[in-house]
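Database features, via Swiss-Prot:
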SIGNAL    1-18  signal peptide
BINDING   Asn116, Arg163, Asp172, His206  Ca(2+) binding site
BINDING   Arg200, Asn301  chloride binding site
ACT_SITE  Asp202  active site, nucleophile
ACT_SITE  Glu238  active site, proton donor
SITE      Asp303  site 'Transition state stabilizer'
CARBOHYD  Asn423  N-linked glycosylation site
CARBOHYD  Asn449  N-linked glycosylation site
Amino acid sequence: MQHLSILLVVLGSSIAFAQHDPHFADGRNTIVHLFGWKWGDIASECENWLRKKGFAGVQISPPSENPIVSGRPWWENYQPVSYDLKNRNGDEDSLSDMIKRCNNVGVRIYADLVVNHMATSIGQGTADHSYDPGSKSYPAVPYSNENFHASCDIDYNDAASIRNCELSGLKDLDQSQDYVRGKIVDYMNHLVSLGVAGFRVDAAKHMWPADLAAIFGSVNDLNTDFFPSGSRAYIYQEVIDTGSDPIDNKDYTGFGSVCEFKYGIQLATCFRGSNPLKYLENWGTGWGLLDGGNTLVFIDNHDTERSSGSYLNYKESRAYKAANAFMLAHPYDGITKIMSSYDFSDNDQSPPSDGDNILSPGFKEDGTCTNGWICQHRWSPIFNMVEFRSVVSGIELTNWWSGGDYQIAFSRGTKGTIAISINDSLDSDVPTGLPDGTYCDVISGSLSNGSCTGKSITVSGGKAHISIASDDREAAVAIHANAKL
């Protein structure tokens, strides 16, 4: 019996460790959140853009049935009515087709998993199912009143209340029940069978770690049509822990990664100029971040860009692009995620639509988006830095340099160098490990047909002369081995 217990512990540990692996194809990095996109449009984007630019994966909107809410706010997606795969983003056939097409070009799909709660908005479901939040009846699953925690308001100073009471009035499932666990596992297995590589777990902070560990440990291995035998779903969990919360994000790292919310908060203070950039020399655990092997990191997400002034977003374009460039250049080894937004003036605003139907993005000649889509993943300072991250992968940070509080530069060995200046102008020689020669700055432009579409940077004697004016469109310059003329 003792040998059996040891075996179970070892097997459990192996599964938990495997759930930190995002299953990126070789030479790729970074997940992009194509927030609100239709499944068919994501499939095309995988084939026509993401595969060419080195992106590793896409986080998609929750695929489950949700209420049809007046005005079609984005958050209706986060109120499950059932686990049927039909909503504004598409149906099961289009979802399955998208997952297959993206996998076929080396781009992985991560589903946003909403299993903390069920819908509280009244209406009809997008798969035409009826339900009654008042009596906690969701017959298409089915769930009934006995499958939920008693209704109560959350006290955010109390961990049990956070996990057992209702988030914004949403009906709180009791994941300690075998029946509820089984329904969630069935839903996850359905998505695994279609070929997803993993899950972003919404509101994980509001569920007990032991319950999530049991659920994730019961999910099938990934589909062998796309992944090696025995592969486990990558799990990254929304556990908001800014340092003063009663819930510790480390409690969730035994069975998956966590979204490191402190990452974007801390960088926002630096790139807005309220905390000197020069202090980023020890960026990482020295700033209170978790070890990178347990984290997914980002500058903003779909919630923070709407609800929190503590984070940068696309509306602060210069600082935002520089912060994303820093994230993609730095060796902190959390999985990086880029936000791809649509323009909004109202925090509840629907994705671009003609009413009920989401509009597809259009594209300008330079590759940027139209039809109300922001598409940060198509901005050259961002997609070029995804390539930078691949070029310098596995190489330590060297040649840290600061020319004042808000001017920094560093290298990644002999493969890449980035310089950043906010507030003041920079006009200095900075050390770089790159071989002598002329390089294209991949922030202001690209290397195209043997010439630079943006700035050219000359490296001589191990140094590069960097000029960034305070009114330049971009606050950063980056060069790497693959951008040499």
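Counting begins at 1 with the first residue displayed.
Cβ coordinates are placed from backbone N, Cα and C, and glycine is handled just like the others.
Fewest Cβ neighbours within 10 Å among the recorded positions Asp172, Glu238, Asp303: this applies to Asp303. Cα to Cα, His206 (Ca(2+) binding site) and Asn423 (N-linked glycosylation site) are separated by 40 Å. Of all the recorded positions in the list Asn116, Arg163, Asn449, the shortest Cα-Cα distance to Arg200 (chloride binding site) is found for Asn116. Take the CB of Asn449 (N-linked glycosylation site) and look out to 10 A: across all protein chains shown you find 5 other CB atoms.
In sequence order, His117, His149, Ile162, Asn164, Cys165, Glu166, Leu167, Leu173, Ala203, Lys205, Met207 are the residues of the same chain, not among Asn116, Arg163, Asp172, His206, whose CB sits within 8 A of the CB centroid for the Ca(2+) site. When the recorded positions Asn116, Asn301, Asn423 are compared by the number of other C-beta atoms lying within 10 angstroms of their own C-beta, Asn423 comes out lowest. Straight-line distance linking the Cα atoms of the residue listed as 'active site, nucleophile' and Glu238 (active site, proton donor), rounded to a whole number, equals 5 Å. Taking CA atoms as the reference points, Asp303 (site 'Transition state stabilizer') and Arg163 (Ca(2+) binding site) are 20 Å apart. Nearest in space to Asn301 (chloride binding site), taking C-alpha to C-alpha distance over the recorded positions Asn116, Arg163, Asp172, Asn423, is Asn116. Taking Cβ-Cβ distances under 8 Å and a sequence separation of 6 or more, the neighbours of Arg163 (Ca(2+) binding site) in its chain are Lys205, His206, Met207, Trp208, Ile247. Using CA atoms as reference points, the recorded positions Glu238, Asn423, Asn449 were checked against Asn116 (Ca(2+) binding site), and the closest is Glu238. Counted within 10 Å of its Cβ, the other Cβ atoms near Arg200 (chloride binding site) come to 25, all protein chains included.
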